[in-house]
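In what follows, a structure is listed as structure tokens, so that the remarks can point back to it.
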Ligand code: NI
């Protein structure tokens, strides 16, 4: 099974390449393994960088009523709502670190599904938040970049500790 890359691992800062549309069917195994890793670590979203793959692939399962697991490939956020909200986020690449992050409450997104079909859809609520967090990952952006200066200052010691112990992950 894939291991989760932890803060300090340089792969988390690499922008993912787009998956060529004709190659989307070939990433089914990767997506399946990403789901396995995400469920094993009890996450609700996982980006390819977090398992060391620098391609634009995200898996999500919020477990909300009526929701189903999603594979999001080559996502592009086309629009953000003006309204923002604050919510306590965690990240599998930052064990034991949580912080309130402000983000727009809704987005308009274009993406490809695992069958290679293109979609343009609007999302809000928890799904919109998880999508924004994971799409940040595939662009090399981490939730610490979105924290308030105060949160980051308060977490500095913990963050440095993580970075020092995981910076050399192969
Ligand atoms: Ni994350």
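Cβ from N, Cα, C; glycine included.
Note that the coordinates shown come from a computational prediction; the quantities given were computed from them, not determined experimentally.
Around the Cβ of residue 134 (active site), 24 further Cβ atoms fall within 10 Å across all displayed protein chains. The active site feature in TrEMBL is assigned to 134.
Residue 137 (Fe cation binding site) falls within a helix when secondary structure is assigned with DSSP. Among the features that TrEMBL reports, Fe cation binding site is placed at 91, 133, 137.
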TODO: Pop the Cα-Cα gap between residue 134 (active site) and residue 91 (Fe cation binding site) into the table, whole Å please.
DONE: 9
